[in-house]
Structure formats: C-alpha cells, structure tokens
Amino acid sequence: MTESTEQTTPTNGGGLASLKLAQLQALASQLGIAGGSRMRKADLVTAISDHQRGGSVADRDAAERAAQAPAAPAAETAPAAASSEDAAPAAERPARRRSRRADADTSAPAAAQDGQPQAEAREAQTEQAPRETASDQDRSGGSEARDEGEDRPQSERRSRGRRRAGDDDAQQGQDRRSDGAQGEDGADADRRGDREDRDDNGRENGRGRNGRNGRDRDNGRDRENGRENSRDRENGRDGSREQRGDKSEDGGRGDGGRGDRSRRDDRDDEGGRNRRNRRNRNERGRNRRGRGGPEVDETELTEDDVLQPVAGILDVLDNYAFVRTSGYLPGPNDVYVSLAMVKKYGLRKGDAVVGPIAPRDGEKQQHHGGGSNRQKFNALVKISSVNGQPAVEHPQRVEFGKLVPLYPQERLRLETDPKLIGPRVIDLVSPIGKGQRGLIVSPPKAGKTMILQSIANAIKTNNPEVHLMMVLVDERPEEVTDMQRSVDGEVIASTFDRPADDHTTLAELAIERAKRLVEMGRDVVVLLDSMTRLGRAYNLAAPASGRILSGGVDSSALYPPKKFFGAARNIENGGSLTILATALVETGSRMDEVIFEEFKGTGNMELRLSRHLAERRIFPAVDVNASGTRREEALLSQEEVKIMWKLRRVLSGLEQQQALDLLTNKIKDTASNAEFLMLVSKTTLGSKGDD
C-alpha cells in the first residue's frame with residue numbers, strides 16, 4: 001500500500017488539495033506527521049506542504065537515519081475509517097496550550113521566508129506540524145499558499161517516507177509487540193500503543209522524534225546538523241516527554257484523562273529513575289552509617305520503663321566518664337556518665353555515685369561488627385546520691401589540694417592481743433599516727449606481707465571509724481585471695497598477670513577515692529604493696545620522655561608514684577589520709593634502688609625489715625635501730641618519750657639480733673606495752689644506779 005500511495009502523491013500544493021482525506025492521512029502517516037489521522041483536510045494539506053520543504057536536508061542524512069531508526073513493520077498505515085472516529089475539534093484543546101506555543105508557531109514561516117538555513121526551517125516546521133490544529137483556521141490558508149510554490153522531487157519524498165516510517169510507528173504508538181495487533185483501528189492502536197510502550201519508548205521515540213523535538217532549538221546543540229541530536233539520549237528523553245504531552249492533548253477525552261494522569265506519574269525516564277535510585281542508595285548508606293553510631297545507649301525514658309539502680313566509683317576521663325560497677329578497673333557492666341552531668345553535679349574522679357539506668361531487655365552489650373568488638377554501655381539516667389549524700393546541682397565542695405597538711409597528732413595504736421608481738425614492736429619503735437606517710441623497707445622474703453596484714457587488722461580493731469583500703473599492685477593471685485579473706489577492709493588488687501596500664505589505673509582511682517573521703521572529713525588508711533612495683537608499672541605505661549636514669553628508669557615515670565605517696569597528710573580541721581607503702585630493697589636490681597632512693601626522704605615514718613633476721617626465722621624481722629618516726633613526740637606522751645629514748649640508747653649498743661631478742665623477750669613477759677615501758681624504766685634506772 002505504501003508503494004501505490006507514493007506513486008499517486010502529487011508534487012505540488014494543488015495536487016495535494018485534490019486528494020481525498022483518506023489519501024492525505026495515509027501520506028501524512030508515511031511522512032511521519034504526528035496527529036495526521038485527527039486533522040481536517042485543509043490542515044493536512046498545510047502540514048504536508050510544510051513538511052516537504054525540509055526534504056533536501058533530510059536526504060543528506062538518509063543513510064545515517066536508516067541505520068539508527070528502528071525497523072518498522074510493512075503495513076503500519078492507519079485505515080481511512082479511523083480518521084472520522086479519531087477526529088477531535090480544536091476547540092476542545094486547552095487554551096493555555098495554544099497561548100504557550102504561539103511564539104513557536106509563528107517562528108517557522110518567518111525563518112523560511114528570510115532565507116535561513118534549511119535545517120532551522122525544517123526544525124521549526126516539524127515542531128509546528130503536530131500543533132497546527134490548535135491554531136486558528138485562517139492560518140491554514142496562508143500556509144497553504146506558501147507551500148504551493150515549493151515542490152520536491154518524488155524520489156526525495158519516497159526516501160523520506162521510508163525513513164519516517166519507523167518514526168511514525170513510535171509517534172503514533174502503533175509499534176506492536178505481537179503480530180495480531182496490526183488490524184486494530186487508528187485510535188485504539190494509538191491509545192494502546194501509549195500504554196504498552198510507556199516503559200521503554202523514551203529511548204526509541206527519542207531517536208525517532210529528534211527532528212521534531214521542540215526543545216532542540218532551545219538546547220542549541222548542533223543546530224546546523226539536526227540529525228546529530230538523534231544520538232543524544234538526553235534530548236531523546238526530552239522529546240519523548242514532549243510528544244507524550246502532545247498526544248495527551250490530541251487523543252480525545254474518552255481515555256485521555258486517565259492517560260494524562262498516568263503519563264504525568266510516569267514522566268520520569270530511565271535516567272531520572274537512576275538518579276532517584278542513586279539518591280536512595282546514598283540515603284540508605286547514610287542511615288547504615290548512622291546506625292553504627294555511638295557506643296553509648298542513651299535512651300529516652302517513658303512511664304513504663306523499669307529503672308535499675310547502680311552504684312560504683314566514678315572514673316572521669318578526657319571526654320567522658322564511667323561508673324565502675326565491678327571494682328576499680330574497667331568492666332563490661334560499667335555505666336556511661338556524660339560530661340554535662342559531671343559538671344552539673346560537680347562530680348570528681350573517685351566519687352561514689354548511685355543512680356538508676358534503663359536496661360534493655362534481651363539486648364547484648366557485646367556487639368560484633370566491622371571486624372572489631374564494640375561494647376555498648378548503658379547511660380546513667382540521673383544521679384541519686386554522691387558519696388552517700390543526696391545529689392545537689394553545682395555544690396560547693398572542698399578541694400583536697402587546698403587543705404592544710406599538718407604532722408600527725410592522733411595516734412593509731414596497733415596493740416591488740418598480748419600474744420601478737422609484731423604490732424606491739426611496731427607500736428613501740430615506729431608509732432603510726434593519722435596522716436602518716438610511712439615506708440616499710442623490706443628485702444624479699446622478709447615478711448612484709450604478714451606485717452601489712454597485722455597492721456590492717458590492728459587498725460580496724462582499734463579504730464573502726466577509719467576507712468581501710470588495701471591496694472595490691474602486681475601481686476600474686478593467691479596473696480590477693482589471702483588478703484581478701486584475712487583483712488576486714490576494702491581490698492583493691494591488680495595481679496601481676498594484668499597489663500601495666502591496669503596497675504596504674506587502679507592505683508590512681510584508689511587514691512582519688514581516698515581523697516574524696518578525706519574531703520568529707522573521714523580518716524582513711526591506705527596500705528600499698530608495693531611502691532616499687534607501682535613505679536615499674538608507670539615506667540612501662542607512661543610515655544617515654546627521653547631522659548633515662550640509671551637502671552633504665554624514665555625520669556617521668558617517677559612522678560606519678562611520688563604524687564600517690566605525697567597525698568598522705570593530716571588535715572588541720574578534720575580528716576586524714578595515711579599511706580603505708582612497702583619498698584623493695586636488696587633485690588639486685590638497679591631500678592629498684594633508684595626507685596627507693598626517690599622515696600627515701602619523702603616519708604615521715606620508716607619501718608625497716610632485715611633479711612638476716614628473716615633467714616634465721618626471727619619474726620617480726622624488724623631492724624629496731626634503723627626504724628623510727630619523725631616527730632614522734634607529737635604522738636607519745638612526755639613520759640613515753642623519755643622511756644623510749646632511754647630504751648633506744650640501750651638497744652643501739654647491741655647488735656641487730658641481740659637488740660631484737662632483748663626487746664621481744666621483755667614484750668613477751670608483759671601483757672601490754674604500758675607495762676613493758678614501766679618495766680623498762682625501772683630496769684634502766686636500776687642498772688644505771690648500780691653502775
């Protein structure tokens with residue numbers, strides 16, 4: 001049918017007017033004029049004449065267009081009977097469409113009359129063709145008169161008709177996915193084609209309608225070669241959206257309303273969908289990163305939440321704080337405390353904090369992700385009490401560093417049972433007072449652990465108001481167990497199988513806890529075993545300063561232990577911190593000697609143990625002549641001071657073992673130290689009178 005129609009096609013405008021309406025519609029379909037089945041005869045003649053003027057430019061790219069255009073079926077021409085059913089009056093089209101395109105409709109004839117390049121004229125005229133029915137009827141006469149003088153060879157129209165056959169298929173929506181759809185009428189095929197090809201006609205229609213794309217002129221890309229834009233998918237998608245809008249105007253109102261709505265909803269093409277998908281993927285990625293989020297579980301409370309009270313020691317770090325619920329070392333059940341809450345309640349490191357948390361049921365605190373283990377801690381909801389007192393916002397607290405230190409004035413008596421010789425010997429040769437800073441200098445295997453246990457039990461027996469803290473650093477696990485079972489006090493331990501950081505962390509938090517108690521006016525006694533091992537731990541954990549002392553001791557590693565030991569003091573208006581620390585000597589290590597030399601002059605009380613006595617199994621192995629207390633007259637009465645000085649004069653003339661044997665034998669013969677001093681005073685005076 002295509003061949004016969006092309007042979008009967010006239011070569012001028014007058015011949016077009018003599019054809020019947022069905023023949024004009026078939027010719028318009030071959031030439032690729034959109035909406036030809038719905039035009040009147042005069043409009044068809046005008047559209048065909050306008051289209052024929054751009055033929056010379058189209059022939060130049062015929063080969064390229066034939067390679068790019070999709071293959072079309074042989075019989076695609078709409079029947080003539082479909083024209084009367086699909087024809088719609090121009091008055092039914094929206095008036096806003098006509099006003100919006102008024103400038104575009106008048107630009108094409110002017111460009112052709114002024115001698116513009118044929119490519120621009122053809123672009124403007126092909127844009128005008130599907131819109132011509134929306135203009136007034138009197139315009140068709142002027143356009144027809146201009147077209148009668150412009151004839152084109154029939155061969156050019158034939159080649160252009162073949163090239164436009166595939167384009168018309170995409171324009172009219174008559175490209176069928178099955179062979180049985182060719183017999184449908186033009187209107188039904190048009191509407192069905194719109195629905196079937198809606199998903200993928202963006203790319204196909206873009207290649208077929210680039211010549212008629214009304215936006216190509218606005219884009220301004222390759223104006224002189226209009227066919228170059230057929231390879232641009234972006235312009236093709238623009239053309240598909242424009243053409244769908246035109247067909248929604250020309251398609252009548254029976255199904256056009258639903259078609260318009262569906263086409264508006266599906267207007268985004270593949271590129272738009274891809275952009276949305278990429279945006280959604282980015283948002284999902286941000287959400288996943290947000291879920292990884294903080295390691296602290298900060299939950300909002302509701303009325304139905306069940307709060308669980310927790311208590312522990314507050315450990316304030318650089319940017320956060322934790323309540324150590326399992327002791328003085330970090331644990332999995334620690335509770336997070338924000339710095340804002342720390343500032344609000346004036347909290348300090350070492351405070352005993354009590355407050356509720358909102359635990360999550362069935363949630364594990366250990367999370368595995370990203371190849372590393374993360375711990376998620378519950379956050380403290382509020383603070384109920386601090387150091388046994390109700391929490392107050394912005395309290396006025398005493399600072400430990402501003403308290404006035406004094407020499408010890410109140411004595412801590414160690415004498416309990418008459419049969420316990422060790423505490424009685426210490427009570428005589430090295431009396432201990434509240435706020436004492438004492439060193440127990442001991443070689444290995446000299447019985448320092450037994451001395452510490454006896455001192456702890458004696459203090460707790462005679463002075464129950466004192467808060468006793470036994471700090472064991474780098475000790476044997478069995479010794480820790482023995483201390484926990486034998487000492488009635490707070491045992492804070494870090495065994496030697498733990499890293500050096502744990503030793504230093506435990507010691508720092510323990511001394512800060514003691515300071516907080518002293519600020520409240522309490523008397524605290526800290527027994528440290530040992531200061532030498534604590535110095536070794538700081539030497540390993542502290543960052544190197546570059547100044548190494550003899551024995552491999554870093555100079556900066558000695559300051560934290562001295563700060564720990566220097567916290568001991570007697571406060572002027574109440575409260576005291578007593579520290580008795582052991583120091584190892586005669587170990588054969590130069591490092592131990594350096595550490596001991598740093599602490600030798602810092603204490604105001606020294607109890608020295610002897611290896612020579614310990615090897616002979618003489619306990620307590622106390623070197624009587626080398627032990628003593630500074631300012632002991634502040635702890636003893638005047639009579640006691642006189643008697644002890646006389647006793648020391650006698651013992652200083654004896655050897656180490658003889659002096660200890662004499663002292664212990666006299667102590668065993670008496671029931672108390674007071675009775676012993678009475679005996680010593682009588683014996684010394686009597687022997688002196690005999691001389």
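One is the number of the first residue shown, and numbering goes on along the chain from there.
Placement of Cβ uses the backbone N, Cα and C atoms for every residue, glycine included.
What Swiss-Prot says about this protein:
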REGION    48-303  region 'Disordered'
COMPBIAS  50-64  compositional bias 'Basic and acidic residues'
COMPBIAS  65-92  compositional bias 'Low complexity'
COMPBIAS  105-119  compositional bias 'Low complexity'
COMPBIAS  120-158  compositional bias 'Basic and acidic residues'
COMPBIAS  188-273  compositional bias 'Basic and acidic residues'
DOMAIN    307-390  domain 'Rho RNA-BD'
BINDING   G433, K434, G435, Q436, R437, G438, K445, A446, G447, K448, T449, M450, R476  ATP binding site
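The most densely surrounded of the binding-site residues G433, G435, G447, judged by C-beta neighbours within 10 angstroms, is G435. According to its DSSP assignment, G433 (ATP binding site) is in a strand. For K445 (ATP binding site), applying a Cβ distance below 8 Å and a minimum sequence separation of six or more within one chain yields R611, A614. Looking only at the domain 'Rho RNA-BD' (307-390), the predicted model's pLDDT averages out at 84.
Of all Cα pairs drawn from G433, K434, G435, Q436, R437, G438, K445, A446, G447, K448, T449, M450, R476, which the record names as binding ATP, the longest spans 29 Å.
Here the Cβ of T449 (ATP binding site) has 19 other Cβ atoms within 10 Å, regardless of which shown protein chain they belong to. When each of the binding-site residues R437, R476 is scored by how many other Cβ atoms sit within 10 Å of its Cβ, R476 comes out lowest.
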